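The annotation domain 'G-protein coupled receptors family 1 profile' is assigned in TrEMBL to 40-289. Feature annotation from TrEMBL assigns transmembrane segment to 26-48, 60-78, 90-108, 180-204, 210-228, 240-259, 274-291.
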């Protein structure tokens, strides 16, 4: 990254808290969260890859969701853990911009992969007879390409606008990561363009997936109400409720962080909100989307049996 527009060559990350007695307990707490996230998501990726009966559109998107969760948790958590055990958690200017880019790339990609999964469930429940034609390999690949293209475009827009700013004497980022709003607070030049980009890009990156998910689930619920079997309704409602809870956590915390005026949002509130979609959601997704799933449980038993007997 070019540092010509800034007299700052590195930043200090303030971390989650400044209270010394909380540093070590929080370190082990979030280390545990990260281990669960890594094991859960990599385990799910491995299961889907090794079991051919899971090579369906639903698990194709779940595979990519786990990959995205693992990546953007890894972009954030290790550096956050350093803030608990280091007196000064320093990150270079180039490192900060790189972290910002990859964090935004993966978090935007997650919002669109969730909407692709909602569309997949709509196709499976509302049009089961033409499901394989609707969700063909070509369609799935095109949807996935759209997911990553939107992630790249959004991340580039934010990062390019951030690089053009000038950062002067103050280099203390009041956060545990390089995020948009804490960095904007340090700029000694106008951030009007950046704030405009935040409202437009974040509005698109949350609005389009949210509308897609809302419409998909409205149609799904309408179809569920026409199911005569109580067991069928219960199973469908259970699947929908799990997805809606995860989506609500992800989009709710993200919207709270970015769509409120920065003057009305304290950094402490922002840190807590960020914890949900950077730490909690990637950890819970394997549980929400897979461990309650019968097919995944069967695949896990088969895989463990092969490993033990071999």
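The backbone N, Cα and C atoms fix where each Cβ goes, glycine too.
A TrEMBL annotation is a machine prediction, not a hand-curated record.
Segment contact is absent for the transmembrane segment (90-108) and the transmembrane segment (210-228), given fewer than three CB pairs below 8 angstroms at sequence separation of 6 or more. Listed as Cβ neighbours of the transmembrane segment (210-228) (distance under 8 Å, sequence separation of 6 or more from its ends, same chain) are residues 114-115, 118-119, 121-122, 125-126, 236-237, 240, 243-244, 247, 251. The average pLDDT the prediction assigns to the domain 'G-protein coupled receptors family 1 profile' (40-289) is 85.
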